[in-house]
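**Q** Pasting a structure below so you can have a look.
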């Protein structure tokens, strides 16, 4: 999560769940160039504790999603992040730091090996980057390794995070089989009739899932998740307090281009 945006209300972007946030009474604020829910009527503390005790649903559709496709995609990405990409098993995810030529941190990201056997191009790495950095990240990746693999931005997709100790209980009602996933693994699932790609991961220090879905299906998916008795909507305010409590870095606050992985 990172916010270096100076957007005004007139030019803020909206996620596919904007109308749902407003209907739920969210207080909307500028964040990473988007109008985002900072909290709902229950308040930040209640949302924080509910996520720790049950399950919270977060809209993180402002974040960037992209794919690297081609047989050289893993080796190419490994030239940009100081993490083992080549040996990442299919169906597994890792955390990495995108670096500039001086070793400064351009962004932190998650990457997943989607190199399924039936993929015609023999290599498929799915990446999630921070919302405020996504334009620069994609341009940097394209410049550095665009000749070695196909860089495919995915602006047509939304991203939801279901977090908390009861997240798996709620999600498995809608998508049987997700309970078999272990931390930092994932795959394709149908959730409430929506075609999703999800991983068992998050940014709260709790068990949970991050769910990528077509923007056109995001509202249907969110409403189905919120209909589960364990789940309540949670805004960016509690997302920040949860990640602080878990000791997770925030790009722009804890790390930036003046920081190296060693530090």
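Placement of Cβ uses the backbone N, Cα and C atoms for every residue, glycine included.
From TrEMBL, for reference:
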BINDING   210  substrate binding site
DOMAIN    17-263  domain 'GCVT N-terminal'
**Q** Measure from the Cβ of residue 210 (substrate binding site) and count the other Cβ atoms within 10 Å, all protein chains considered.
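**A** The answer is 24 other Cβ atoms.
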**Q** If you average the pLDDT over the domain 'GCVT N-terminal' (17-263), what number do you get?
**A** 96
